[in-house]
Amino acid sequence: MSTDSIEVAIIGAGITGITLALGLLSRGIPVRVYERARDFHEIGAGIGFTPNAEWAMKVVDPRIQAAFKRVATPNASDWFQWVDGFNESGTDPRETEEQLLFKIYLGERGFEGCHRADFLGELARLLPEGVVTFQKALDTVEPAADNSLGQLLRFQDGTTATAHAVIGCDGIRSRVRQILLGEDHPAASAHYSHKYAARGLIPMDRAREALGEDKVATRFMHLGPDAHALTFPVSHGSLLNVVAFVTDPNPWPYADRWTAQGPKEDVTAAFSRFGPTMRTIIDLLPDPIDQWAVFDTYDHPPNTYSRGAVCIAGDAAHAAAPHHGAGAGCGVEDAAVLCAVLDMAAKRVDTAKDGTEGKAALITTAFETYDAVRRERAQWLVESSRVIGNLYEWQDKEVGSDASRCHDEVYWRSHRIWDYDIDAMMRETAEVFEARVAGVAKN
């Protein structure tokens, strides 16, 4: 490993990890990505990106936003519609309408969806060969015996690697988070939010035949008591993505996994009193069905995203319930800031005092800057996502099923995400970094 540059190890080859790797490589910063899976793999489900996330993609590397647009499916309308999935009369969804509760303008081609695997595949094709090493499950991170090598990474297969900086993009069940905070720390693990999601992709021909064109061509949020669902087209309109959420008062039954495939009967029961549109959507989902426990960092948020030369990003730092549809985009914002701080640190390495010690101090300052800029907003997203999930299921004691009050809450919370000024975030990042470097130099 060269000691003339900052070499970075990224743990996790999901969307956040690969986005970050592409951004660092485009800035000339050497990167290795270590992924525990056998290959690039994302769940067979849809994902959406809000306008702020697309802006952040451009900041990281314009090729990333172009890759997303290649696989994104435009909505038939630029308005996101929230409908009453519960109080719908009639029996045939092709002849009935869910009551429109409210709608919010997304902007031109805003909040488009795609298939996760399609997007990750596009990103992977942008990576140079050899950047990602698969079947590498991280065990520990510790300072290397030779200070010039930075951090020593040990993997569960007995192999090792070194890097000056380590970034955990290893998702909700992050090993890097455990290492950074301590395995016994309450925030070392995410916690069950007492909702799970039944996820599935319905061939569009079947969905269109059963529901009618208007109900499958754009993005809908179907609200109701103790359950709700999001539907939108993906894969260039060939599939209807369905995410049906169910409140679950019980503990998640599987200690070793947060996903399970089981009979559809519990999901069917949760939506049994809903209107014909939602009942038909659930009927169209496969049986058995994939169920995903919604874990997040709401109960015990990390009190820092960094320590020394180690930091966490994306779901590893701020796992959020998906009710805002903004978790992955928040990870892209993280990547934009991390690219900036490491780029600024790398440009100072040649003039850093004390050689290796100066490099280590710059990395620490870079990661502390990232923590200072990102943690408040990211944790707000975690908290707001919980609020939104309760609003959609009429569980908020003050709002209940009041559509006007629900709209007001959803509107300001959504726009706080969508309208975030990424350029201002980048200016703040540079200012905080320079101020911290100056403070270190004085000491």
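Every residue, even glycine, has its Cβ placed from backbone N, Cα and C.
According to Swiss-Prot, the feature active site maps to Arg199, an assignment based on similarity to another entry.
Ala328 (FAD binding site) falls within a helical segment according to DSSP. The Cβ neighbour count for Ala328 (FAD binding site), using a 10 Å radius over every protein chain in view, is 22. Residues or ranges marked as FAD binding site in Swiss-Prot (evidence: similarity to another entry): Glu35, Gly48, Arg116, Asp315, Ala328.
Per Swiss-Prot, N-linked glycosylation site is recorded for Asn75 (among others), and the stated evidence type is sequence analysis. The local packing around Asn75 (N-linked glycosylation site), expressed as other Cβ atoms within 10 Å of its Cβ over all shown chains, amounts to 23.
Sequence annotations record features per position, and here Swiss-Prot assigns N-linked glycosylation site to Asn87 (among others). Using a 10 Å Cβ-Cβ cutoff, Asn87 (N-linked glycosylation site) registers 13 neighbours.
If you look up Swiss-Prot, you'll see 5-25 marked as transmembrane segment.
When the Cα atoms are compared, Asn87 (N-linked glycosylation site) and Arg199 (active site) turn out to be 23 Å apart. Here the transmembrane segment (5-25) has long-range neighbours at 31-35, 37, 40, 42, 47, 57, 60-61, 63-64, 116, 119-120, 123-124, 126-128, 131-132, 134, 138, 150-151, 153, 161-171, 174-176, 313-316, 328, 331-332, 334-336, 338-339, 342-343, 345-346, 349, 359, 362-363, meaning same-chain residues at least 6 beyond its ends whose C-beta is under 8 angstroms from one of its own. Look at the binding-site residues Glu35, Asp315 and count other Cβ atoms within 10 Å of each Cβ; Glu35 has the fewest. For Gly48 (FAD binding site), the same-chain residues lying six or more positions away in sequence with a CB closer than 8 A to its CB are Phe111, Glu112, Gly113, Cys114, Arg219, Phe232, Gly325. Looking only at Cα atoms, Arg199 (active site) sits nearest to Arg116 among the binding-site residues Arg116, Asp315, Ala328. It is 19 Å from the Cα atom of Ala328 (FAD binding site) to that of Asn75 (N-linked glycosylation site).
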